[in-house]
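TrEMBL has this to say about the protein:
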type    : residues                                                               : note
BINDING : Thr10, Gly11, Ser12, Ile13, Asn38, Asn124, Glu126, Gly211              : NADPH binding site
BINDING : Lys125, Ser151, Glu152, Ser182, His205, Ser218, Asn223, Lys224, Glu227 : 1-deoxy-D-xylulose 5-phosphate binding site
BINDING : Asp150, Glu152, Glu227                                                 : Mn(2+) binding site
DOMAIN  : 4-132                                                                  : domain '1-deoxy-D-xylulose 5-phosphate reductoisomerase N-terminal'
DOMAIN  : 146-235                                                                : domain '1-deoxy-D-xylulose 5-phosphate reductoisomerase C-terminal'
DOMAIN  : 267-382                                                                : domain 'DXP reductoisomerase C-terminal'
Amino acid sequence: MRTITVLGATGSIGQNTIDVICRHPDKFRVFAITGHTNLNALVQLALQCSPRYIVLSDPQAYTAFAKILKKENCHSEILVGAQALDDVCCAPEVDTVMSAIVGAAGLLPTLAAVRTGKRVLLANKESLVMSGELFMNAVREHKAELVPIDSEHNAIFQCLPHDFEYGNLEKSGITKILLTGSGGPFRTLADESFDSITPDQACDHPTWTMGRKISVDSATMMNKGLEFIEAKWLFGLHEDDIEVVLHPQSTIHSMVQYVDGSIIAQLGNPDMRTSIAYGLSFPDRITSGVEAVDFSSLTDFSFSKPDQNRYPNLYLAIEACKQGQAATTAINAANEVAVDAFLKGQIKFTDIAKVNQHVLQKTDFIELTCIVQVLEHDAEARILAQQIVRKLN
Ligand code: NAD
Ligand code: MG
């Protein structure tokens, strides 16, 4: 029996996680769920999985939330605030933490889970992008078990040999990691239409259903850039080991290429419950609610290279990856500010890359040796990004 805390339970990944967990009451129990907004969804989830604790990140929501819980006759205990987020990750009863808060807000609770040696199911790619080496050092030091949930990295994890040694591609005869991406909703949009893209258009992803921030990141392909950095740290890769391949159907979720010419791919329908189920049950397999691919219904199966002019954010993120930790922390922060401003209608879709590029150019290449420095650097990059947003607005 695994006992699980689900960070960001009200989100797309969080709700899919509860869905998979509830399919296997003999294997999993929920210790805590956490949510930031959308209190009604939090109540519904609590009724579905009966957690011992529910954590609200906003203490002001306590009274209203307690009233709804009472009315629904739900007996979970309510905790509030940042410390409570850490506490439900570190509790000795918990062996597995799903890290599914969006953005930099996920870093500290995820690290708390890592530092108490839990199995960490990592959906929150931003925490690894922000703190890569420090994060991976903490994983090793505290013997945490890190299982990637991002579909591409989960695919790579499945395609690597079981005895893969971190960073040692040569030993396993690996020549390349092929990171696939759909190219998002604007892969074939005329160049002159990019300035008038609306938030709802950007969030209407052709193959995946996701939260709004990652949907915009997928449309700009910053998501693939963040995943490039994520892959580097998860598997100990060099930038030259990774190639991004456009694959609009999202059937192949990524591939590993071997020295003998073999390429091993992981395929499946675009539904995150496959990765989530594998993370929960690894090394075993359990049902996830996802149907297998029906090959007779695949009418198209295509691949191409991502165009630099169409997807400047992808290339900015790769550049940041080559520059190092200060650059990836800064571009992640800039991107969060820019995407938020775009979703609020303050800047244009094409301004996101302008904000990211400007912040990257202004970043000092300092060494970040502890998490406090990472957070300070993140905060500075946000201030700079907000200044640019105000100018563009
Ligand atoms: P979402 O927006 O649907 O949900 C985000 C969750 O985080 C919600 O529960 C929200 O309440 C919580 N949250 C937001 N701000 C918070 C804060 N300041 N403090 C505490 N909690 C906060 O997002 P999502 O699509 O589920 O994505 C979650 C993470 O998983 C992201 O890092 C994303 O990149 C990653 N991911 C998502 C998918 C997907 O298919 N949705 C795929 C791969 C990776
Ligand atoms: Mg992904």
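Backbone N, Cα and C define each Cβ position, glycine as well.
Please treat TrEMBL annotations as automatic predictions, because they have not gone through curation.
Shown here: features listed in TrEMBL, placed on the structure.
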residue : record                                      : contacts (Cβ under 8 Å, 6+ apart)
Gly11   : NADPH binding site                          : Ala100, Ile101, Val102, Gly211
Ile13   : NADPH binding site                          : Met98, Ala100, Ala123, Ile149, Gly211, Met272, Ile276
Asn38   : NADPH binding site                          : Thr10
Asn124  : NADPH binding site                          : Leu7, Gly8, Ser99, Ala100, Ile101, Val102, Gly103, Gly106, Leu107, Thr110
Asp150  : Mn(2+) binding site                         : Leu122, Ala123, Lys125, Glu227, Glu230, Ser275
Glu152  : 1-deoxy-D-xylulose 5-phosphate binding site : Leu179, Thr180, Gly181, Glu227, Ala231, His253, Ser254
His205  : 1-deoxy-D-xylulose 5-phosphate binding site : Ser182, Gly184, Pro185, Ser215, Ser218, Ala219
Asn223  : 1-deoxy-D-xylulose 5-phosphate binding site : Gly181, Ile214, Asp217
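Counted with DSSP, the domain 'DXP reductoisomerase C-terminal' (267-382) comes out as 67 helix, 2 strand, 47 coil. Under 8 Å, Cβ to Cβ, and six or more positions away along its own chain, Ser12 (NADPH binding site) finds Thr209, Met210, Gly211, Met272.
With a cut-off of 6 Å between Cβ and the nearest atom of ligand 1, the binding-site residues Ser12, Asp150, Glu152, His205, Asn223, Glu227 reduce to Ser12, Asp150. Within the same chain, residues at least 6 positions away in sequence whose Cβ sits under 8 Å from that of Glu126 (NADPH binding site) are Val102, Gly103, Ala104, Gly106, Leu107, Leu226, Asn332, Glu336.
The average pLDDT computed over the domain 'DXP reductoisomerase C-terminal' (267-382) stands at 96. Mapped onto DSSP classes, the domain '1-deoxy-D-xylulose 5-phosphate reductoisomerase C-terminal' (146-235) shows 45 helix, 11 strand, 34 coil. The 10 Å shell around the Cβ of Gly211 (NADPH binding site) contains 18 further Cβ atoms across the protein chains shown.
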